[in-house]
Every structure is written in C-alpha cells, then in structure tokens.
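Peer 1: According to TrEMBL, the record shows the following:
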- Arg125, 148-151, 214-216, Gln220, 267-270, Arg450, 461-462: substrate binding site (BINDING)
- Glu144, Asn146, Glu368: Mg(2+) binding site (BINDING)
- Glu144, Lys305, 364-373, Tyr375, 398-401, Glu425, Lys452, Asp458: ATP binding site (BINDING)
- 205-302: domain 'Glutathione synthase substrate-binding' (DOMAIN)
Amino acid sequence: MATGWESLLRDEQQLEELARQAVDRALAEGVLLRTSQEPSSSDVVSYAPFTLFPSLVPSALLEQAYAVQMDFNMLVDAVSQDAAFLEQTLSSTIKRDNFTARLFDIHKQVLKEGIAQTVFLGLNRSDYMFQRNADGSAALKQIEINTISASFGGLASRTPAVHRHVLNVLSKTQEAAKILSNNPSKGLALGITKAWELYGSANALVLLIAQEKERNIFDQRAIENELLARNIHVIRRRFEDVSEKASLDQDRRLFMDGQEVAVVYFRDGYMPSQYSPQNWEARLLLERSRAVKCPDIATQLAGTKKVQQELSRMGVLEMLLPGQPETVARLHATFAGLYSLDMGEEGDQAIAEALAAPSQFVLKPQREGGGNNLYGEEMVQALERLKDSEERASYILMEKIEPEPFGNCLLRPGSPVRVVQCISELGIFGVYVRQGKTLVMNKHVGHLLRTKAIEHADGGVAAGVAVLDNPYPV
Ligand code: ADP
Ligand code: MG
C-alpha cells in the first residue's frame, strides 16, 4: 500500500510546521490524555499521540469490517448465553490460568444462584489488520474482539477534525472531505441509554467503574457527556468504593451510595493487576445484581483469546449460529489461523510448526491491554519451556498478520517529528442490547484506526506504542 503522501513526507521543514498546527488543533478538539506523571489529575494534560496524516485503507476492507460487525455482535451474544460451550472451551485454560479461572468461578456462582439480570448490553470493538496477499492485494484479518472496556470511541470522534485541518492547510480540500466523520461515543451511549430505558427505573443511575489513576479519562467523559445530554446521570466509582458502599436489596437491585444503579459500565477489571481480593468481592456483588452489566461476566469470558481460537474450529460457528450460513461465511472470512495448545497431538503439531517458522506466529496468553504476546525468539523460548507442561493450555497460537508498511509521522509529546515505517489496526465498535431472548438493538457505531511503527510487534495506544489515526479510504 503506498503512503499516498510521499512527496509531503520528504519536506522536513513543512512536516514540522504541519505538526505544530496539528498538535494545536488536537488540543483544541479535545484529543487529550492525562500525563503519566499526574494520572489522577486533569490540571495538566497533554494531547493523545496521533499520526500527522490519515493512513490509506482500502474502502472495500473498511466496508467489509463494518458489514461483519453485526455478525460479531450476535456471535459474542450467542457465546455468552451458551454456558456449556464456555465451560468446555475454557476447561483446559482455567486449570492453568488463575485470572480466567477467577472470572469463570464468578460466572458459575451467578449461574448457580440464577441470573437476576434480564437486559444485556454489549459494547465491543473488533480489531483487524490488513494481511498483505501474494498478489499485492490486502485481506481483512481479525486480531481480536474486545468485549470489556473497549476504548478510544471518545477520542476517535475528535481526530477527523485534526486530519482535515492538516489537509486543509495544504489546500487539499477534496482530500480533507474524504475523511470520514466518526462518533463511536455517541453510539456507545445510545446502547447504554437503551439498556437504561429497558431497566425501567426513572431515577436509576449509570455506574462507571474506573480507576482513580486514569490517563484516558477524556475518552470516558465523552460517553458520560452523551449520557448526561439524555438526562442519564453517571457516577464514577472504583471497585474499592463498590466494596465499601454498594449493596443489593432482596430483589438483587443494586444500590450505590443509596442510589439505584441501572447499568454498570466497566472501564476497569480486565487485567489481573486490577483485582485485589476486595475487588474480586466487589465484582461478584455487581455480577449477582439485577443491574445491566456491560459486560456481564459471561460476555467478558466470550472475549478471551481461547474462545476466539475455538470459534475458528470447523463447525463451531455453525453450531452457535444455526441456519445462518451467510453470517458464518462472513465471520469465517475474517479469521486468521488460530491454534489450540491443549495437550495432545493437535497442540504438539502447532508447536512444531511455530518452532519451525517463528516469524509466522504469535503466542498469546489470556490477557488484555497490550504487551503480553510473545513473538520471534521470545516465543521460541517460551514454547521450548512450555512444550511438555500443561501450562501451555493457558496460551493460544495465532498466525502472524503481515501488513504492507507505509510511511507516516507519529506525533507524541516530547518526541521529534520524523517519518517512520508503520502499520495500522482498524477497530469497529459494535453495540447490541438484548432483553430476555429478544435482540432489541444490533449495530455498528463507528471505527478506530491505530497506527504504530513496525519495530513494535505488540501494544496499543494505552501501552504507549500505537497512536490514533483515521482511515483515508482509497
Ligand atoms: P490485547 O488484548 O493485549 O490487545 P491483542 O491480541 O490485540 O491483545 O494483541 C496486541 C497487539 O499485538 C495488537 O494490537 C497487534 O498490534 C499485535 N498483534 C496481535 N495479534 C497479532 C497477529 N496475529 N499478527 C500481528 N500482530 C498481532
Ligand atoms: Mg488488542
């Protein structure tokens, strides 16, 4: 894929001036993060890193990603309701992965008691890279689906103005007009609104679970603001606050500081380090409640890498989505090679293949948040160590996607402006709401393009590796 901006990238002086303009516009638009020095305060903030130019994305792949999003929503929802599938799929993993096991314990506990929740809300983001084919074309391949705390829907609505600005400064007004408008935070808020309405208590609140040290607060605020504009009040609380001040009544209605909660929206709780014993108790209390959890624990489990791998097995999609061959075909077309490492012949063979061609594989544990996967020599060492141990079942192997690199400038506070070779990852935000067995909302609500330098194998924006971008459709 050509950059599209080759001649511009050669003019260093112009790049510096454009970068100054872009940064000021980003700050003015609210493309913001708190600083790593002061993550609990908004007194001093900085711009969220972003690319100087929008990156070229084939329109056909953008359309394909949008077109398959409602299918992914249905799939995640189907998995979350299939306790037998979840149990079978995760049985080997939970023996060796303590975090997944803790989540699974809560899932079992809630099932045993009986689920009080009747309205279900999914806010997810399905991420893709553009695999370079032998003939030079590109194919859309899913990296993962995020079913908890899928972020950057707020900031992604503010970056189109920045890239339009850059192109307008260059008098490229036609090009500027091609940058798609995007407002995921509004769509995500509409999902929360629908769930709140169906919960059916006019005075109930939305409880946003977040940490105090949260650099990405402006992204979350964008959703809070959309809700407040619809007269829905949001309170931000930590897990610690929940364990101190939340309670259930005899109908398992959730109360926080004495106020009823209709929807619990998690922007925390997806990594082991986020859970103290007290936080696990708080999570269990929330799960047991009647409030709409976004996500409920089963939906969080549906987003594990192990589930993703099992979904790619022949016949599984057909079983989960019976009588929907077109949906199944659309989903399958986006799957990369995914391999189980469970003990046995199949896992042995996958390991042998990865050891024979390490550059073509990624080793993934059951983790979220970036920086956990293993590549190259590190992957080889881990596989050699894990090969004969049951611990290997807590990982999956995945085909490594190799997009065509292109040049762009990654703008970061304190870093010089320079052109680097990059690759992008496209995310599509999906929203669905189910009441009992009836799906009452199923849609896509926008996109996120993140771009990183090719020397980084892993990591997203929050991990300090990727930066915000916009697709420039070609
Ligand atoms: P996390 O849950 O930590 O975000 P991901 O599966 O999204 O885990 O992996 C993190 C990053 O690693 C991705 O954003 C992408 O840059 C890179 N990555 C993951 N899987 C692949 C793959 N199969 N091929 C190439 N890069 C990958
Ligand atoms: Mg990811």
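Every residue gets a Cβ built from N, Cα and C, even glycine.
TrEMBL does not curate its annotations; it predicts them automatically.
Keep in mind it's a predicted model, so treat the numbers as computed, not measured.
I'd like these features described in context: how deep, what's nearby, how far apart.
Peer 2: With a cut-off of 8 Å between CB atoms and residues at least 6 apart in sequence, the same chain places Ala48, Pro49, Phe152, Arg450, Val467, Leu468 near Val461 (substrate binding site), listed in sequence order.
In sequence order, Ser126, Asp127, Gly303, Lys305, Gln308 are the residues of the chain that are 6 or more apart from Glu144 (Mg(2+) binding site) and have a CB within less than 8 Å of its CB.
DSSP gives Lys400 (ATP binding site) a coil state; it is part of no helix or strand.
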Peer 1: For a quick check of understanding: among the binding-site residues Tyr270, Tyr375, which residue's Cβ has the most other Cβ atoms within 10 Å?
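Peer 2: Result of the Cβ crowding comparison: Tyr270.
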Peer 1: Ligand 1: which of the binding-site residues Arg125, Glu144, Ser149, Pro365, Lys400 have a Cβ closer than 6 angstroms to it?
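Peer 2: Within range of ligand 1: Glu144, Lys400.
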Peer 1: List the binding-site residues among Asn146, Pro365, Gly371, Tyr375 whose C-alpha is within 10 Å of the C-alpha of Gln220 (substrate binding site), in sequence order, or say none.
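Peer 2: Those near Gln220 (substrate binding site) - Cα within 10 Å - do not exist; the answer is none.
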Peer 1: Can you tell me how far the Cα of Ser151 (substrate binding site) sits from the Cα of Glu368 (Mg(2+) binding site), in Å?
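Peer 2: Cα of Ser151 (substrate binding site) to Cα of Glu368 (Mg(2+) binding site) measures 12 Å after rounding.
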Peer 1: Hey, does DSSP put Tyr375 (ATP binding site) in a helix, a strand, or just coil?
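Peer 2: Note: Tyr375 (ATP binding site) is coil by DSSP, not helix or strand.
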